[in-house]
Amino acid sequence: MEHNGSFRVDSEFRYTLFPIVYSVIFILGVVANGYVLWVFANLYPSKKLNEIKIFMVNLTMADLLFLITLPLWIVYYYNEGDWILPNFLCNVAGCLFFINTYCSVAFLGVITYNRYQAVAYPIKTAQATTRKRGISLSLIIWVSIVATASYFLATDSTNLVPNKDGSGNITRCFEHYEPYSVPILVVHVFIAFCFFLVFFLIFYCNLVIIHTLLTQPMRQQRKAGVKRRALWMVCTVLAVFIICFVPHHVVQLPWTLAELGYQTNFHQAINDAHQITLCLLSTNCVLDPVIYCFLTKKFRKHLSEKFYSMRSSRKCSRATSDTCTEVIVPANQTPIVSLKN
């Protein structure tokens, strides 16, 4: 653990914001992603999963890995940025944060490319055996990102800073960079470059998909519902990227420069923006399951059946209650015949 007594800006609103946002995301994310896994486990035999469903299962696993660390971050921010847990848990939380972020980017990228191929080259895609490719690509993504993230497990990512009143020290987690560190700057530049490369590829593929769907001759168009769902899927993937990932990566490099001491004029404003983008980044765990509704027919059918059965049970419950009210009358009065049909 390093002692860092140098002045750093802080955004104190995060100690209220993060516990609330992370608590909501934890509850919704665990329910949504747990349900997705349950659906895949019960409706799809593992040997019959095609390429895109393999990517979806892996994306769900990446989201769950991050979600299990949220209680650690909630405790951290509730204690106003003091890591009171064992130091190794800070490393684990940071490692899984990195894995979730870039596995999500990678799997959303390959899902988009899969849909691009299906629209741009439908015959070739229909004839291709994609299950093995899906497994191979998933392994490559996991191995490369986990290997990169393992760096966080090998180093102590905590540091000591004075508390507000100066009476002692508190332990920060992933909040310290060596001043003017060139290697750290190079790493962040490389990460930003890779992210925006993937983002522009996804943006291009989605534009091609939208253009193809909107300009198909009437005789080649599928049913209106299928086309509408395909367009919604494209819009949802773009929305997840633009809402969750783009703001963080736009702010991350200027924030890194400020933290390293290269640019301090707008340090406070950049730090405030960085906290907000971290919240937005975590919402991908809740938004990812929405994509599955537009990608998988069985998933939509199962979800609509469950929703219909819940509505039916409520109606039956109300009908039973109304029936009981009509039947139970005082003994000295003549029952009134209901006019309901």
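Every residue, even glycine, has its Cβ placed from backbone N, Cα and C.
Swiss-Prot has this to say about the protein:
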type     : residues     : note
TOPO_DOM : 1-16         : topological domain 'Extracellular'
CARBOHYD : Asn4         : N-linked glycosylation site
TOPO_DOM : 39-54        : topological domain 'Cytoplasmic'
TOPO_DOM : 75-91        : topological domain 'Extracellular'
DISULFID : Cys90-Cys173 : disulfide bond
TOPO_DOM : 114-133      : topological domain 'Cytoplasmic'
TOPO_DOM : 156-184      : topological domain 'Extracellular'
CARBOHYD : Asn169       : N-linked glycosylation site
TOPO_DOM : 206-233      : topological domain 'Cytoplasmic'
TOPO_DOM : 255-275      : topological domain 'Extracellular'
TOPO_DOM : 296-341      : topological domain 'Cytoplasmic'
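Here the topological domain 'Extracellular' (255-275) has Cβ contacts under 8 Å with residues 9-11, 13-14, 17-18, 177-181, 184-185, 188, 248 of the same chain, all six or more residues outside its ends. Averaged across the topological domain 'Cytoplasmic' (39-54), pLDDT in this predicted model comes to 79.
Ranked by Cβ neighbours within 10 A across all protein chains shown, the recorded positions Cys90, Asn169 are led by Cys90. Outside the topological domain 'Extracellular' (75-91) by six or more residues, the chain places 1, 10, 12, 14-15, 17-19, 22, 152-153, 155-158, 163, 170-175 with a CB less than 8 A from a CB of the stretch.
Cys90 (disulfide bond) and Asn169 (N-linked glycosylation site) have their C-alpha atoms 17 Å apart, to the nearest angstrom. Counted with DSSP, the topological domain 'Extracellular' (156-184) comes out as 3 helix, 10 strand, 16 coil. Around Cys173 (disulfide bond), the same-chain residues six or more apart in sequence whose CB sits under 8 Å from its CB are Tyr76, Trp83, Cys90, Ala93, Gly94, Ser157, Thr158, listed in sequence order.
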